[in-house]
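Below you'll find the structure, written out as structure tokens, and then a few comments.
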Amino acid sequence: MSEKQTFADKKRKTVEQAEFTEDGRYLRKVRSFVLRTGRLSDYQRDMMNNNWANLGLDYQNTPFNFEQIFGNNNPVVLEIGFGMGRSLVEMAKQNPDRNYIGIEVHTPGVGACIAYALEKGVKNLRVICHDATEILRDAIADGSLGGLQLYFPDPWQKAKHHKRRIVQPEFITRVLTKLGDNGFIHFATDWENYAEHMLEVLRQFDKELRNTSATNDFIPRPDFRPLTKFEERAHRLGHGVWDLYFVKQA
């Protein structure tokens, strides 16, 4: 590859918008992710460069027009942190009556997801390489989502890093404004402490959200959620896996 940077190479450097204080100082943010230095393969780079117009969406500070993007009014499900994207593509393939948007900040995963979507002939999927909190804040219209999926997010195990966990009350508040009536929130994690944290946060919204668990905590592993590599690793390590499924009350 030449030293000239392509679209895919530049994408990694623009996963969040720079923000400044009123006096012009750079505003440091508490991020729920760390940009790993995994190598973007030539194949993944080509997938992004050649197919972004059809399968990719760029950050914008106005809401996406989903009907224009997908050509229909089917419900839109947003997945945050899709990793390499195989489970997201499989879910989109299994549910042609839904549209899916996946957000991932790591370009190798974005390239791999695009490649797998092309292999499977999936048309009802778009990917975004940007900070999910900024996408939710700026590019998703209120009441426009049919559901939000967050599978195996970084657990930030150390107590001093718990503030970096994406599942916080302010995050749920934002998500609630973006969900339509009866929209769902589906979380999964293989860290028990994070599962308990998620449940504690979601329970703060018991007037807005209904827990579908018969025991008012976690649901059995649903068949509709494809197995991810993180879940496979969890099983190998003897970890449990916890699913939470809440529905916005009309």
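Just so it is clear, glycine is given a Cβ too, placed from its N, Cα and C backbone atoms.
What Swiss-Prot lists as S-adenosyl-L-methionine binding site is Glu79, Glu104, Asp131, Asp154.
In the three-state DSSP scheme, Asp154 (S-adenosyl-L-methionine binding site) is classed as coil. Around Asp154 (S-adenosyl-L-methionine binding site), taking its Cβ as the centre, 16 other Cβ atoms fall within 10 Å, counting all chains. Look at Swiss-Prot and you will find Asp154 tagged as active site.
Same-chain residues at least 6 positions away in sequence with a Cβ under 8 Å from that of Phe230 (substrate binding site) are, in sequence order, Gly83, Tyr151, Phe152, Asp190. DSSP assigns Phe230 (substrate binding site) to a helix in the three-state reduction. The substrate binding site annotation in Swiss-Prot covers Lys158, Asp190, Thr228, Lys229, Phe230, Glu231 and is backed by sequence analysis.
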Listed in sequence order, residues with CB under 8 A of Glu231 (substrate binding site) and six or more positions away: Phe152, Ala188, Asp190, Val241
Record-annotated S-adenosyl-L-methionine contacts Glu79, Glu104, Asp131, Asp154; largest Cα to Cα distance in whole Å is 14
Residues with Cβ closer than 8 Å to the Cβ of Thr228 (substrate binding site), same chain and 6+ apart in sequence? Gly83, Arg86, Ser87, Tyr151, Phe152
Counting only residues 6+ away in sequence within the same chain, which have a CB under 8 Å from the CB of Lys229 (substrate binding site)? Gly83, Met84, Arg86
